[in-house]
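Asker: I have a structure I would like to understand better, so I am pasting it below and will then ask my questions one at a time.
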Amino acid sequence: MTQPNKPFPVSWDQFHRDSRALAWRLHSEGPFAAIVAITRGGLVPAAIIARELNVRVIESVSVKSYDHQSQGKIIVLKSINSDILAADAAGQKVLIIDDLVDTGATARVVRDMLPNAHFATVYAKPQGRDMVDSFITEVSQDTWIFFPWDLDFTYAAPIAGGTD
Ligand SMILES: O=P(O)(O)OC[C@H]1O[C@H](OP(=O)(O)OP(=O)(O)O)[C@H](O)[C@@H]1O
Ligand code: HPA
Ligand SMILES: [Mg+2]
């Protein structure tokens, strides 16, 4: 598959706003007994959404699939606490949060762990969109989203070329 070549940089302000918009959407789906954040990208929206929805039980699951922009085998580095798995099996509402769904490979692995949970991401690409129950913004498959924690301020050359 060709690498995503359209950069889509997201600022902290924008990310906060989009995560809040997701919290508004999720409000009517709850109340949730717990949030499971998919580390590491899901930790930031999970904190914002937990604050908005007043959820205080936060768990993480560590799934690693990318080395820079190329996807490799999915490795589960930290699994989900048995209390949360039991809550999901008993019909309590559990919310899974990630920053984005791309191919859907990560979502598929975590969904299998919590089959009844509501799965939400801030951003979604078409290939993985059907793996999530809620998201805010869709971008094309050939877009690469740059999150604010991966960015730094740097000089931008003028559009017309030359220097300023
Ligand atoms: O839908 P997929 O194709 O599986 O891709 C989406 C996943 O990839 C990224 O995580 P990554 O594995 O890079 O780890 P990170 O969150 O620690 O950056 C992103 O945060 C999602 O979790
Ligand atoms: O577009 C993306 N941006 C950042 N991380 C990602 N992991 C999968 N797709 C992406
Ligand atoms: Mg991730």
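Each residue, glycine too, has its Cβ placed from N, Cα and C.
OK, TrEMBL features for this one:
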DOMAIN    11-152  domain 'Phosphoribosyltransferase'
BINDING   R40, G41, D98, D99, L100, V101, D102, T103, G104, A105, T106  5-phospho-alpha-D-ribose 1-diphosphate binding site
BINDING   D99  Mg(2+) binding site
BINDING   D102, I145  xanthine binding site
BINDING   D102, T103, G104, A105, T106, W144, I145  GMP binding site
BINDING   D102, I145  guanine binding site
Asker: Please report the DSSP secondary structure of T106 (5-phospho-alpha-D-ribose 1-diphosphate binding site), reduced to three states.
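Answerer: Helix, per DSSP.
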Asker: When DSSP states are grouped into helix, strand and coil, how many residues of the domain 'Phosphoribosyltransferase' (11-152) land in each?
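Answerer: Computed counts for the domain 'Phosphoribosyltransferase' (11-152) are 50 helix, 47 strand, 45 coil.
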Asker: Which binding-site residues from the set R40, D98, T103, G104, A105, T106 come near ligand 2, judged by a Cβ under 6 Å from any of its atoms?
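Answerer: Cβ < 6 Å from ligand 2: none of the binding-site residues.
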Asker: Count the other Cβ atoms sitting within 10 Å of the Cβ of the residue listed as 'Mg(2+) binding site', across every protein chain shown.
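Answerer: Cβ-Cβ neighbours of the residue listed as 'Mg(2+) binding site' within 10 Å number 23.
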Asker: Go through T103, T106, the listed binding-site residues, and name the one with the sparsest Cβ surroundings, counting other Cβ atoms within 10 Å.
Answerer: T103
Asker: Sort the binding-site residues D99, W144, I145 by C-alpha distance from T106 (5-phospho-alpha-D-ribose 1-diphosphate binding site) and give me just the closest.
Answerer: D99
Asker: Near ligand 1, which of the binding-site residues R40, T103, W144 have CB less than 6 Å from any of its atoms?
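Answerer: Result: R40, T103.
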Asker: Can you tell which of the binding-site residues (L100, A105, I145) has the fewest other C-beta atoms within 10 angstroms of its C-beta?
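Answerer: Result for the binding-site residues L100, A105, I145: minimum number of other Cβ atoms within 10 Å at A105.
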Asker: Which ones, of the binding-site residues R40, D98, L100, have a Cα no more than 10 Å from the Cα of I145 (xanthine binding site)?
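Answerer: Correct set: L100.
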Asker: By Cβ count within 10 Å, point out the most packed of the binding-site residues listed: D98, D102.
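Answerer: The residue with the most neighbouring Cβ atoms within 10 Å is D98.
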Asker: Express the distance between the Cα positions of L100 (5-phospho-alpha-D-ribose 1-diphosphate binding site) and W144 (GMP binding site) as a whole number of Å.
Answerer: 11
